[in-house]
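TrEMBL annotations:
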- 139: active site, charge relay system (ACT_SITE)
- 203: active site, charge relay system (ACT_SITE)
- 531: active site, charge relay system (ACT_SITE)
- 34-109: domain 'Inhibitor I9' (DOMAIN)
- 131-579: domain 'Peptidase S8/S53' (DOMAIN)
- 637-732: domain 'Subtilisin-like protease fibronectin type-III' (DOMAIN)
- 1-26: signal peptide (SIGNAL)
């Protein structure tokens, strides 16, 4: 998924350079790649390939073995096969099948960020077993030679590790990168990719180093954002599962990676990938993989998506995974433009080029159309690809208009640089293969007047520099918003983390902008996206795991959510639908005081209440789970660290929430409830005081929420406070979008 970063379409390095619209593997005989999900592993010994081949023989009798591309058998049961629509329909009716769905293409969601959160490498406490934590990265691979993945000082591999380093002529693991695999169901690999876990795109190296990269001093992008690059858990190990290629990330490969990662022994899974539309939980490869990860004690950290600020645009929203939005840090990049009349204007971009203040001829793109190809000034004014007359723009800086519906690159043509009159979002920037600055509309009009009324206009573009962003943190415009499109009363996203202008490791097989016109090869790059915020949350989760290795995924998620920095709707009008519980605060998360814990049985009760059949749930869980009055739980009773209730617009509503907290703070402690309820929201907590006599003790309470929502959202909160810990949960009531 491409974040709208600037007028240049190829600049979508935030996530990926190709458009990656949802699609699927196809074949000349109308066969497409389908996933047949069959739930948990059967009890006892079984041959997955034999079982799956036998099933296929009933629908593809002449070529069952050829149709089968993956057998999922290490952590859950299922397979991927090339089928016609009719064959897939037959399998949907087979006993033992939970769901059958197309293997669709998903897209990637793409220094100082850890210090910005008060998580300094010098001041924060470190666990003695951090080096035993294994972070599984499902992404584009990794650049193993990066200094961020140096294994100096690392001891033997963790005894629990069962993974492998897939053999390749151009890739080796070490004691930092302890496992590496790659997946491509159809076997078709572009010449631009590596047939190995090696990263050809940069994205996977960036996310891996953000989550668990080692300390690298004096890292920068041509001097910009200079400092120490590191991950949240620098001593942790990394296991790489390459699922994304130059043409996207496919469901069949994603599930194969989950199947291996869980069985290999990773502690946390990080996945900065999502679909372009919402799917029911067990028709989505990421939700399925995350469910089985949860069953095996592994938390999955997901990016929320880059489709904001539209409501209900969030991609990953299953209650058993962590959904992470993206927010700013306290720096921004400024790129000045100087005109021949001496006037200087401040624009935005990440410009590493230094023109040495040399003045160049300045031309408006609208007066230089490529008429030989049938283009007019209405095309060339936006500097779209191929619309400019190369002879007229060569050696000059080009002034361009911006139209969000007509994004396109100023490619080739010999232009020295570009200045845009930019009407898009300015809360994030990107790099370009030539000097470029985006001016605001007011300054753009002045510069437009200069370039069109001056006899010999000239201009130059300065190298970018860093300024403080005093408004940080706030959720960036591209970050996908809630509410949850499938379960309206589960608040999503869960929290937000730094995802804007993040410096981290990069692949040296590609350029800064991943375009053919860019020859800058760098070890570290600055990009933005929820792809960047997700590994920050992953690193924080791994940090908590290093102190509490026996905690469940829900316990770790609760610790991250209830200790988050509180954010304000003043900077994000969507409130909790933008930032969830708040901004991640890793330093506090390891000692949360109380946790809202949940396990497989709690999610099964939730699924019963959502209408899933006992037959399906037995397959998904692998046991005799059944939906009864006792197990048929409501969404409001899932032991979640946040509270949400939706209502018909203009109507009043009352909901009752049952919650249980576990004491992980002081053995003997008393917590008092602190309620914040604005007009229109009534919150009652019973009991209002919780007393604990030992660690691990559980206490239950009931929260009754009444609301008159009108056509908007009302936000309140419940905080349990013992004088040392403040365990805060947001409470949100809103007018449903889905009535």
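Cβ coordinates are placed from backbone N, Cα and C, and glycine is handled just like the others.
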Residue 139 (active site, charge relay system), number of other Cβ atoms within 10 Å: 30
Segment confidence, the domain 'Subtilisin-like protease fibronectin type-III' (637-732), expressed as mean pLDDT: 95
Cβ-based isolation winner (fewest other Cβ atoms within 10 Å) among the active-site residues 203, 531: 203
The domain 'Subtilisin-like protease fibronectin type-III' (637-732) - residue tally per DSSP class, helix then strand then coil: 1 helix, 62 strand, 33 coil
Secondary structure content of the domain 'Inhibitor I9' (34-109), with strand meaning DSSP E or B: 22 helix, 24 strand, 30 coil
Alpha-carbon distance [residue 531 (active site, charge relay system); residue 203 (active site, charge relay system)] in Å: 8
Alpha-carbon spacing, residue 531 (active site, charge relay system) to residue 139 (active site, charge relay system), which is rounded to whole Å: 10
